[in-house]
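Worksheet: the structure to be examined is printed underneath.
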Amino acid sequence: MVPSGVRTGRWVAAARAAQRRPRVDSLGQPPSPESASTRAALYVHWPYCEKRCSYCNFNKYIPRGVEEGTVRNCLVTEARTLLRLSGVQRVESVFFGGGTPSLASPHTVAAVLEAVAQEVYLPADSEVTLEANPTSAPGPRLAAFGAAGVNRLSIGLQSLDDAELQLLGRTHSASDALRTLAEARLLFPGRVSVDLMLGLPAQKVEPWLQQLQKLLYHCDDHLSLYQLTLERGTSLFAQVQQGTLPAPDPDLAAEMYQEGRTVLRDAGFRQYEVSNFARNGALSTHNWTYWQCGQYLGIGPGAHGRFVPQGTGGHTREARIQTLEPDNWMKEVTLFGHGTRKCVRLGKLELLEEVLAMGLRTDVGVTHQHWQQFEPQLTLWDVFGASKEVEELLAQGLLLLDYRGLRCSWEGLAVLDSLLLTLLPQLQEAWQHRPSSPVSGG
């Protein structure tokens, strides 16, 4: 039965049938170079929220009213325009983020998905994720999103402590979060992710670990741990600056992270990325595209994208940012078909730096095969094999460089930022002194 108010098209109907099939974990191996150039992920930004959380500096707005029909039409238009511009033939995943996309109507989600499926091949079993806040996603509404084509949820739970939730400016309680999580697991079994924050002001290790243990009793097969970052311009930043709140203790945050990842490993979760943990093959296809430096298109106000504009004969990957403010973005989409505000061509070294920094965030790291897709002349051995600094990191057991490629050890993954302080300059030096060779496409 399809919930009322959800218009279904051909793709949405096929997607609902595909949701009943078992998931197959095929991540970890990069696609062939040919397919990589014709595939992309799609990010859709819904910029509106009910209120601004105290820690958040994302591009979001609290409007008096939203003309959703206009927003929907602009999202559809921009998706069509950028898909044609990119020349991609297949979209592997779609992620509705924000903002609070669970405030959008399921009809808007379905309209975007149908538009994508009309432009390119969107497999019926493609991962389609929706970020949801507990207060804006009761069970019937979640079911309506499922009927619209969503097959994976990412719930912004953040904490199971009501005092911490209040500090963060969240609109839900711990009981609200657990109720939404239970309803989501019934509707999307094996496809529900939750976020848990660490390193809050005055937060202690043991109470936080108790939260994590409690969450393990209720959660599904995917969990993300995020350390609080105090962002300038947020309420939380101001309170710490004024001395109203104590500054977060970085040593305690590091201890929480180390203890937390150990707890999750013991519970059968694979830490497949610095902040992300999965069991039973429930890795995020969409985020994996980011970490593997795959192409992705960003639509909606302030969305980011990275792709080669093959549709207009382009051969160089571009970093694109859409216009931030929703009303201005809609005006530009209406006039030009898209609201791209900034477009920067990525140099070859810039792209390789991203391949290295993003790839090392994963437990797979950067394989030789994957690296060669971006740089067929200069190998990982050429870049890192003769470096004394890298040799020292290998001896310390923080890095591994072998027949598989370059990757962090379990210990190294926890200190990746410090490792990159050695690895990125080494890449830059190797690039500067590389032998002359024909420049390959990016």
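Placement of Cβ uses the backbone N, Cα and C atoms for every residue, glycine included.
Note that the structure is predicted; figures quoted are calculated from it, not measured.
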Starting from the S-adenosyl-L-methionine 2 binding annotation in Swiss-Prot that includes Gly99, Thr100, Arg170, Asp195, which of Gln89, Gln158, Gln210 is the extra site residue? Gln158
Largest pairwise Cα distance, Å, within the listed S-adenosyl-L-methionine 2 binders Gly99, Thr100, Gln158, Arg170, Asp195? 15
A 10 Å Cβ contact count, applied to the binding-site residues Glu131, Asp195: which residue has the minimum? Asp195
Calculate the distance in Å between the alpha carbons (Cα) of Thr100 (S-adenosyl-L-methionine 2 binding site) and Cys49 ([4Fe-4S] cluster binding site), and round it to a whole number. 5
Assigned conformation of Gly98 (S-adenosyl-L-methionine 1 binding site) - DSSP reduced to three states: strand
Based on Cα distances to Arg170 (S-adenosyl-L-methionine 2 binding site), point out the closest of the binding-site residues Tyr43, Cys53, Gly98. Cys53
Quick check for the class: what is the C-alpha distance, in angstrom and rounded, between Cys49 ([4Fe-4S] cluster binding site) and Tyr43 (S-adenosyl-L-methionine 1 binding site)? 18
